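Peer 1: Features from TrEMBL:
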type	residues	note
DOMAIN	7-203	domain 'Cytidylate kinase'
BINDING	G11, P12, A13, A14, A15, G16, K17, G18, T19	ATP binding site
Amino acid sequence: MTAGTVIAVDGPAAAGKGTLARRLAAALGLPYLDTGLLYRAVGRRVLDRGADPRDAAEAEAAARSLTPDDLERPDLRGPMADMAASAVAAIPAVRAALLDFQRAFGRERGAVLDGRDIGTVVFPQAPVKLFVTASVEERARRRFLELRGRGVAADAAQVESEIRDRDAQDANRPVAPLRPAADAVMLDTTALDAEAAFVTALEMVRARLR
Ligand code: CDP
């Protein structure tokens, strides 16, 4: 029933898209792609060169020379990497350079892809689109716990302010802004733990595919 199906999972920072999309992919027997990693890897490459992630020429060159190994780097998360990813993601040439890879990945045997523009730009024809949200306070709480779990010192207020800044940057950019597709199913996970979010999402997906 699901072979070749593309499932788009979009939403703001730290809404739990990654955990959810990975579990959906496993349950449905589909490959999974975390598209945020692509933007994170581009941002990281630009930072490595000592350049500004808002520099369009630098960021485009980094996007065009991305390799699979870049996606395995251990330093793709954290406040600097988060903001660098969001900065390069606002550059049209970067998005264009990453588009073919994402489409080819999804077309091969179907896939679950998570990001910001999967349902609006990358796969506007996807039969199932979820837009996963949670209150900004809850998302900040989750990201704070995640950082602490990884042994990263973090300040709760600062984590929340970084998430607000990044959401604003992602939602207000002219190219592929963060917004739900007209035909997306909305899933607010503020009051749901990871298991409840997964069960609810799987039911939504099955209802759409029925
Ligand atoms: O895990 P988290 O929700 O914090 O972020 P992510 O999904 O890894 O995405 C990092 C950044 O990449 C976002 O803030 C967006 O600016 C950008 N991004 C995007 O523009 N389009 C996508 N499809 C995925 C990520």
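Residue numbers in this text run from 1 along the chain shown.
Cβ atoms are placed via backbone N, Cα and C, with glycine included.
All annotation found in TrEMBL is predicted automatically rather than curated by experts.
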Peer 1: Near ligand 1, which of the binding-site residues G11, A13, T19 have CB less than 6 Å from any of its atoms?
Peer 2: A13
Peer 1: Quick one: give me the count of other CB atoms within 10 A of the CB of A15 (ATP binding site).
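Peer 2: By my count, 29.
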Peer 1: Taking the Cβ of A13 (ATP binding site) as centre, how many other Cβ atoms lie within 10 Å?
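Peer 2: Taking every protein chain into account, the count is 23.
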Peer 1: Taking the domain 'Cytidylate kinase' (7-203) alone, what is its mean pLDDT?
Peer 2: 96
Peer 1: Using the recorded ATP site (G11, P12, A13, A14, A15, G16, K17, G18, T19) as reference, state which further residues of the same chain have their Cβ within 8 Å of the centre of those residues' Cβ atoms, listed in sequence order.
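Peer 2: Counting only non-site residues, the set is L20, D114, V132, A134, R139.
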Peer 1: Taking only same-chain residues 6+ apart in sequence, whose CB is under 8 Å from that of G11 (ATP binding site), what do you get?
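Peer 2: Non-local contacts for G11 (ATP binding site): K17, R116, L130, F131, V132, T133, L178.
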Peer 1: Going along the chain, which residues six or more apart from T19 (ATP binding site) have their CB under 8 A from its CB?
Peer 2: A194, A197, F198
